[in-house]
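One structure is given here, and the rest of the page talks about it.
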């Protein structure tokens, strides 16, 4: 009995160590997320020339933190228990490591990949590894939720393009009734407000990418209720995202803001507003209806609204399709790459550690 007790204590201590390491890695991933995805709420305001990249990143940091703390739980629960029924502490940490490796590589290359695809691919990979190791049953993968997530990845960018075109035409009609100096002031402040709203929606949807896999584990190991756990994890993610955006977020902003299409204040405003609305709605409405916010790719939506603005302004020829192709290729390879990373790393860990 004494030996069993000592083994149990050792196992418990090891879980604490791995979980703390997981928090550190989640913070690093949040930093990577901010570095790669700071472009999502900011590129249209920067591309329209109404705000500098530095000021845009400061606003991004503040409002992303607010979104993460107020609504981040809506998508965090999806990452924690909506994809794989039961995830152990080593699998959770493996998922974060796999996604971080991929996101860091993409950030260095200046490619706006989907961090959502990265973490979901990594979680799926670890789940498949544990199924292969006979540690999980195949039904542990929640295919009904996974299908809903994939559908949201398809519909959200299409909705972004459509909403941007509609809003651009409607807002242009309204603004034509005012003098140019009044229009300029409206658009300048409108772009800044929409940037803040978009950053808030981004924080609400994306903070779970960094820390969502640790809700149940934190609650169980430290004995915290879910609500306090989610506030703690949201704070860790929010700080990491803010620092990532402030340090190297500029690299991706430059690509999306200037290289896909040139934006004027009107198209910039409609793109940013559309981006904020789509991300916030996909976060909030599914959570109210089914209890899971949809972890959509905010990068998909952001780039889609920029494309929608370009199409409504000057048609197909205004879009730099070469840049769009580069971005799309990076999206396409993200899911299989992170599934492979998560699966291989977790399975090797199982073979070497036995758990």
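Just so you know, glycine gets a Cβ as well, placed from its N, Cα and C.
Annotation source TrEMBL lists transmembrane segment at 16-36 (among others).
What TrEMBL lists as transmembrane segment is 56-77 (among others).
Summarising the annotation, TrEMBL assigns transmembrane segment to 89-109 (among others). Within the same chain, residues 15, 18-19, 21-22, 25-26, 28-29, 32-33, 35-36, 115, 118-119, 121-123, 125-127, 129-130, 209-210, 213-214, 217, 221, 248, 251-252, 330, 334, 337-338, 341-342, 345-346, 349, 353, 355 sit at least 6 positions outside the transmembrane segment (89-109) and bring their C-beta atoms closer than 8 Å to a C-beta of that stretch.
With a cut-off of 8 Å between Cβ atoms, the residues of this chain six or more beyond the transmembrane segment (115-133) that come close are 29, 32-33, 36-37, 79, 83-84, 87-88, 91-92, 94-96, 98-99, 102-103, 140-141, 146, 149, 153, 205-206, 209-210, 212-213, 295-299, 331, 334-347, 350. Annotation comment: TrEMBL describes 115-133 (among others) as transmembrane segment.
Below 8 angstroms of C-beta separation, residues 78, 82-83, 116-117, 120, 124, 270-271, 273-275, 277-279, 282, 286, 290, 292, 294-297, 300-305, 307-309, 311-312 of the same chain, each at least six residues beyond the ends of the transmembrane segment (145-167), sit close to that stretch. Residues or ranges marked as transmembrane segment in TrEMBL: 145-167 (among others).
Residues annotated as transmembrane segment in TrEMBL: 229-248 (among others). With a cut-off of 8 Å between Cβ atoms, the residues of this chain six or more beyond the transmembrane segment (229-248) that come close are 23, 26-38, 57-58, 60-62, 64-65, 68-69, 72-73, 76, 107, 203, 206-212, 214-215, 218-219, 222.
According to TrEMBL, the transmembrane segment annotation covers 269-290 (among others).
Here TrEMBL flags 296-313 (among others) as transmembrane segment.
The transmembrane segment feature in TrEMBL is assigned to 325-349 (among others). Residues 90-91, 94-95, 97-99, 101-102, 106, 111-114, 117-126, 128-130, 132-133, 260, 297, 299-300, 303 of the same chain sit 6 or more residues outside the transmembrane segment (325-349) yet have a Cβ under 8 Å from a Cβ within it.
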So what's near the transmembrane segment (56-77) in sequence-distant terms, Cβ-Cβ under 8 Å and 6+ beyond its ends?
34, 38, 41-42, 45-46, 192, 195-197, 199-208, 211-212, 215, 227, 230-231, 233-235, 237-239, 241-243, 245-246, 249-250, 253, 283-284, 287, 291-295
